[in-house]
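The next block holds one structure in the form of structure tokens; read it before the comments.
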Amino acid sequence: MIIAQNKTNYQDLLKTLAVIAMTIDHIGLYLYPELTIMRIIGRIAMPVFCFFAGYNFYDKPKTRIIIYGVILQIYTTILFKQFLTTNILISIYLGQCYIYYFRNSITSFFYNGFCHVAVMIILWYISWTLIDYGTLVIAIMILGFIAQHEKTNLKLCCFIAIFTSIVHSTFFTLLIPLSDFNFSNTDLILNLTFLTITYILMILSDYSQKILINIKWISRNVIYIYCIQIIILQFIFIYKYTYGFKNW
């Protein structure tokens with residue numbers, strides 16, 4: 001099923017909420033790192049975006065995603081004068097490539113798709129330092145792709161996507177204390193609460209259900225919103241917290 005192009009729907013609402021969460025997360029990361037609540041709210045963005053990146057994938061990998069991802073990565077590398085973990089656009093493009101080449105295997109039998117998910121979750125451990133969220137992005141995209149082709153498994157796919165996101169945050173907190181997700185026990189409870197609400201919202205209504213508020217201009221321009229806010233916030237971060245551009 002391809003979502004109607006000219007009508008705002010429930011999927012647009014979910015993605016708009018994810019955009020808001022993403023914006024709060026990025027502001028917290030670059031400007032207010034002491035406010036962990038902003039990072040906690042931001043944890044709902046990745047599973048929603050990646051799930052729908054897989055759910056809506058039906059053709060070939062989108063070249064514009066990797067182009068914007070590479071340009072943004074070059075900008076970040078020049079700005080920080082070092083190579084950092086690649087941005088999530090590159091992760092999503094790799095996910096599209098993976099689904100494209102393994103699409104028949106993923107959808108040929110119910111358990112095949114979940115085997116692919118399991119492999120990607122396992123590979124996360126050796127990939128998270130290279131690409132944003134590691135292969136967890138690909139795993140959640142596969143879940144979205146399965147949900148599109150196996151509607152009866154949508155709730156299960158959403159549950160696994162949210163559950164792995166909870167485990168991801170908890171793992172970083174417990175085992176990698178210097179990570180961006182160094183949450184307290186209270187923070188982890190809040191994280192669990194927000195992600196549980198996200199799961200409920202993801203299974204609450206049909207994604208194609210029409211809504212009255214026109215928010216397509218937000219939900220269908222996520223790539224541009226992401227790139228613009230990263231460019232601006234990283235620039236402010238460098239200018240505010242380092243020597244700025246005096247030594248360039």
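Any Cβ shown, glycine's included, is placed from N, Cα and C.
Tertiary neighbourhood of the transmembrane segment (65-85): same-chain residues 92-93, 96, 128-132, 223, 227, 230-231, 234-235, 238, selected by CB-CB distance under 8 Å and a gap of 6+ residues from either end. The transmembrane segment annotation in Swiss-Prot covers 65-85 (among others) and rests on sequence analysis.
Residues 98-99, 133-136, 138-139, 142-143, 145-146, 149-150, 153, 160, 164, 168 of the same chain lie 6+ residues outside the transmembrane segment (105-125) yet bring a C-beta within less than 8 angstroms of a C-beta in it. Here Swiss-Prot flags 105-125 (among others) as transmembrane segment, drawing on sequence analysis.
Note on the transmembrane segment (126-146): residues 46-47, 50-57, 85-88, 90-92, 94-96, 98-99, 103, 106-107, 113-114, 116-117, 120, 153, 157-158, 160-161, 164-165, 168 of its chain, located 6 or more positions outside it, place their CB under 8 angstroms from a CB of the stretch. Look at Swiss-Prot and you will find 126-146 (among others) tagged as transmembrane segment, backed by sequence analysis.
Here the transmembrane segment (156-176) has Cβ contacts under 8 Å with residues 43, 46-47, 50-51, 114, 117, 121, 124, 133, 136, 139-140, 143-144, 146-147, 182-183, 187-188, 191-192, 195-196, 198-199, 202-203 of the same chain, all six or more residues outside its ends. Residues annotated as transmembrane segment in Swiss-Prot: 156-176 (among others).
Taken from Swiss-Prot, the feature transmembrane segment covers 188-208 (among others), and the record attributes it to sequence analysis. Within the chain carrying the transmembrane segment (188-208), a Cβ under 8 angstroms from the stretch's Cβ atoms is held by residues 1, 3-4, 9-11, 14, 17, 37, 40-41, 43-44, 47-48, 51, 55, 154-155, 158-159, 162, 165-166, 169-170, 173, all 6 or more beyond its ends.
The transmembrane segment annotation in Swiss-Prot covers 222-242 (among others).
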